[in-house]
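Colleague: For reference, the structure I am asking about is given below.
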Amino acid sequence: MLTHLDSQGRAHMVDVTDKATTFREATAEARVRMLPATLQMIVAGEHPKGDVFAVARIAGIQAAKKTSDLIPLCHPLMLTGVKVELSAEGDDCVHITARCKLSGQTGVEMEALTAASVAALTIYDMCKAVDRGMVIEQVRLLEKLGGKSGHYKLEEQA
């Protein structure tokens, strides 16, 4: 059942007034594939625009806080924690992990996904002058804790 549709099929914001306030946490990831030379430039701190990881981290945190402004029908949330981590993976990839937390009436999956996505977009923006062939991939929810639907953890396919 799609909870964002009413009985006539019209979109509406889900009413969470009567839902219990519980601890909720979500973790999402994204990857940015690039030329090895681009990744080396980022890791060595030689990018002319500055510290790519630091800017992408701040962009991801800001994006989590602005999710309800970007995603229609998403509730504005009082996040109590947002952590965005970036690391080199192999010789041609940046791995991004975003974790959001709160005590509230609705989940934080969209905030974690938005944080990871915007961090990836920021890397693309900062590096596009040297590598227009970058690919943003594997934007996905890794884990969700709390709420009525309980615990979800991505199971890797063998």
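Cβ coordinates are placed from backbone N, Cα and C, and glycine is handled just like the others.
Copying in the features that Swiss-Prot gives for the protein in this structure:
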type: ACT_SITE; residues: Asp125; note: active site
type: BINDING; residues: Leu73, Cys74, His75, Met110, Glu111; note: substrate binding site
Colleague: Tell me the Cβ neighbour count for Cys74 (substrate binding site), meaning other Cβ atoms within 10 Å of its Cβ, over all protein chains shown.
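Modeller: Cβ-Cβ neighbours of Cys74 (substrate binding site) within 10 Å number 18.
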Colleague: Given the substrate site residues Leu73, Cys74, His75, Met110, Glu111, which other residues of that chain have a Cβ within 8 Å of the mean position of their Cβ atoms, reported in sequence order?
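Modeller: After dropping the recorded site residues, what remains is Thr67, Ser68, Ile71, Pro76, Leu77, Thr106.
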Colleague: For Met110 (substrate binding site) and Asp125 (active site), determine the Cα separation and express it in whole Å.
Modeller: 22
Colleague: Given a 10 Å Cβ-Cβ cut-off, pick out the one of the recorded positions Glu111, Asp125 that has the most other Cβ atoms nearby.
Modeller: Glu111
Colleague: Using the alpha carbons only, what distance in Å do you get between His75 (substrate binding site) and Asp125 (active site) once rounded?
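Modeller: If we compare the Cα positions of His75 (substrate binding site) and Asp125 (active site), the gap is 28 Å.
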Colleague: In whole Å, note down how far the CA of Cys74 (substrate binding site) lies from the CA of Asp125 (active site).
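Modeller: With distance taken Cα to Cα, Cys74 (substrate binding site) is 26 Å from Asp125 (active site).
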Colleague: Among all protein chains shown, how many Cβ atoms are found within 10 Å of the Cβ of His75 (substrate binding site), not counting that one?
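Modeller: Neighbour count, Cβ to Cβ under the 10 Å cut-off: 15.
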Colleague: In whole Å, could you give the widest CA to CA gap in the substrate site formed by Leu73, Cys74, His75, Met110, Glu111?
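Modeller: The substrate-binding residues span at most 13 Å between Cα atoms.
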